[in-house]
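Student: Could you have a look at this structure, given as structure tokens, before my questions?
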Amino acid sequence: MRKIGIIGGTGVEDASAFGKLAPLTVETPFGQARCLKGTAAGHEIYFLARHGLDHSVPPHKINYRANIFALKKLGVTEILSFTAVGSLNRGLPPGTFVVTSQLLDFTKSRVNTFFNGENGQVAHVDFAQPYCPALRERLNRCLVKLGLRHSKQGTYVVTEGPRYETAAEVRMYAAMGGDVAGMTNMPEAVLAREAEICYANCSVVTNMGSGLAVRSLSHEEVTEAMERLEKQILAVIEAYVNDDGPLTHSCQCREALKEYGGFRLEAFGGDAKEE
């Protein structure tokens, strides 16, 4: 049985399609996290809306450490993230699913590690491959099976937000090799690596970036685009959960802190409970 965390972003906050789910409150040293627990295809599923179910938390204020710590404490070993993104690449038009393979981090004010030196805890994690190659393989296989327009790789540029990018920034990001721009994959991805959880991201292109689009961007446009793609996103989640096929790629995600003795929950504390 797999224990799968699904982290939904803008437009992926409604978990009702997953059937009957039990609300969970997880107390962590970094604050409280809330998620929904269910089962599908014999696997445990934990759904977490990173912006809150009512989309009340902006990207730079998300408690990323509490969210990832909570999933680790619940025994989650793999995370599938969904993000709404703008495209920096004319070859990736709105409606394209991108299985991101690299990222560029332009965030500024977020705590990006569990190891800030408290109690002598310091760790330097390898992050050359920020997304799990095994989970990316599974996700790509599902997208092919579903016949959805997708890119099997791409570089995600993480911006601080909550504002959208300037036209000059979009040109710079594209020149640096960026393919899509969003606001939430960091520090989420690196925290998952520190917690030794496999992590993959499925970006959904909702719009072209500033300077590439014919009109100014609004949040309403992004939300409406995600709503139009809701059935496809849910199909991707269902296919991913049901895919137990063999994988040719391996990963070291679950041994990322091996030289430090692993990620030890008891070094932090916190309790999980059902409401």
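Any Cβ shown, glycine's included, is placed from N, Cα and C.
Reproduced below are the annotations present in TrEMBL:
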type	residues	note
BINDING	T10, R50, H51, T83, A84, T184	phosphate binding site
BINDING	M183	substrate binding site
DOMAIN	3-241	domain 'Nucleoside phosphorylase'
SITE	E165	site 'Important for substrate specificity'
SITE	H219	site 'Important for substrate specificity'
Student: Looking only at Cβ atoms, how many others are within 10 Å of the one on A84 (phosphate binding site)?
Tutor: 23
Student: Given the recorded positions E165, M183, H219, find the one whose Cα is closest in space to the Cα of H51 (phosphate binding site).
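Tutor: In terms of Cα distance, H51 (phosphate binding site) lies closest to M183.
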Student: Is any of the recorded positions R50, T83, A84, H219 within 10 Å of M183 (substrate binding site) (Cα-Cα), and if so, which, in sequence order?
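Tutor: Within 10 Å of M183 (substrate binding site): T83, A84.
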Student: Rounded to the nearest Å, what's the C-alpha distance separating H219 (site 'Important for substrate specificity') and T83 (phosphate binding site)? Just drop the number here, would you?
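Tutor: Cα to Cα, H219 (site 'Important for substrate specificity') and T83 (phosphate binding site) are separated by 14 Å.
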Student: For the domain 'Nucleoside phosphorylase' (3-241), would you mind checking the mean pLDDT of the predicted model?
Tutor: 92
Student: How many Å separate the Cα atoms of T184 (phosphate binding site) and E165 (site 'Important for substrate specificity')?
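Tutor: If we compare the Cα positions of T184 (phosphate binding site) and E165 (site 'Important for substrate specificity'), the gap is 14 Å.
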Student: Count the Cβ atoms, other than its own, that fall within 10 Å of the Cβ of R50 (phosphate binding site), considering every protein chain shown.
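Tutor: Here the count is 22.
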Student: C-alpha of E165 (site 'Important for substrate specificity') to C-alpha of A84 (phosphate binding site): distance in Å?
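Tutor: Cα to Cα, E165 (site 'Important for substrate specificity') and A84 (phosphate binding site) are separated by 14 Å.
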Student: Validating a neighbour-count step here. Other CB atoms within 10 A of the CB of T184 (phosphate binding site): how many?
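Tutor: 27, counting other Cβ atoms within 10 Å of T184 (phosphate binding site).
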